[in-house]
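Enquirer: The transmembrane segment annotation in TrEMBL covers 64-84, 115-135, 147-169, 181-201, 221-243, 255-275, 287-305.
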Amino acid sequence: SMCMLNTVVNPMLNTLGGGGNKGNQLIQFGGSLNSLSATIVPVLVGYLIGEVTADTAISDADPALFIAMGVFALAFVIIIFSDIPEPELEAARKNPQPEEKTMESVSKALSHKNLVFGVIAIFLYVGIEVGIPNIANLYMTSSEVGISAGVAGTVVGMYWLLMLIGRLLGGAIGAKVSSKVMMTFVSALAIIFILVGMFLPETFVKFPAISSDLSFSLVDIPLGVVFFVLCGLCTSVMWGAIFNLSVEGLGKYTSIASGLFMVMVCGGGVLPVLQGAVADRFGFIDSYWVLVAALAYILIFALFLSKPNSADNTAASSEELADDRGNDLV
């Protein structure tokens, strides 16, 4: 159900923003709320359940489940009574067309090259988002570095906090900065951060970390890990920017694209396995070359592969013109 919810939310936010920079801004704000929930909920659930002992039962989590049901019920009521525009459905009512089969719709959606390249980009992005903190955590807790699992976990928590901050910043400037410019900048910066982190000497520095109760402390970590953690600022805005660039010119096939994106989150399970295999053979630090290569593809996608076909733009313009004429007649 959560996958279905995400499939609907991204195109809905893009539509409410009218696409383009404004649509990107709303997606970034939506992502920031997602990150905020991911930060708060574990702490809230831990508070509600309390200390885990031998007497702890599943029923102790009931208050958290009731809160979750209340949140879903509130969202249901808000959506029911909200006037959310559905331009593709309205256009279909005015100009009825023969209903397409599902596979036919998917095939037509994939005829847009920017979507095909974007699907690959989102696959790699999710792997990057997961791989950066995962390997950093394993590296810090290895015998090579010797940091305790608790301290390493708090450092990784800062990565996710920086993702929240990055999405808030992305939402604040999203209406003024195009998705292409945003993607180009953050992907290039992420490559620089990772390369710097890989080649810095293993000097330990003090770093602010966040614990599960949201308290801050200073911990000693390798300087290179600091730059890996800073990548959270870069990965934070990639999902929304890749989505916007991929669906440009798709029109009624935007929902199909959103579904394909949710399928491609499997990259979060595939790429870390590949990176882990490289880490086993060549070491944790050298495994980041896998992510550098993935980020290089995303940078190339932003610069050269995200441009819709001219035919796509023409078709989209024709649809908008037809809608405008229909509105004028009404």
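Even glycines carry a Cβ here, placed using N, Cα and C.
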Enquirer: With the transmembrane segment (181-201) as the reference, which stretch in 64-84, 147-169, 221-243, 287-305 has the largest tally of C-beta pairs below 8 Å?
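Expert: Result: 221-243.
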Enquirer: Mind checking which residues of the chain, 6+ beyond the ends of the transmembrane segment (221-243), have their Cβ under 8 Å from one of its Cβ atoms?
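Expert: Those are 10, 14, 24, 27-28, 30-31, 35, 118, 121-122, 125, 128-129, 132-133, 136, 139-140, 145, 147, 151, 155-156, 158-167, 169-170, 174, 179-180, 182-183, 186-187, 189-190, 193-194, 196-205, 207, 257-258, 261, 285, 288, 298, 301-302, in sequence order.
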Enquirer: Looking only at the recorded stretches 64-84, 147-169, 287-305, which one has the largest tally of CB-CB distances under 8 Å to the transmembrane segment (115-135)?
Expert: 287-305
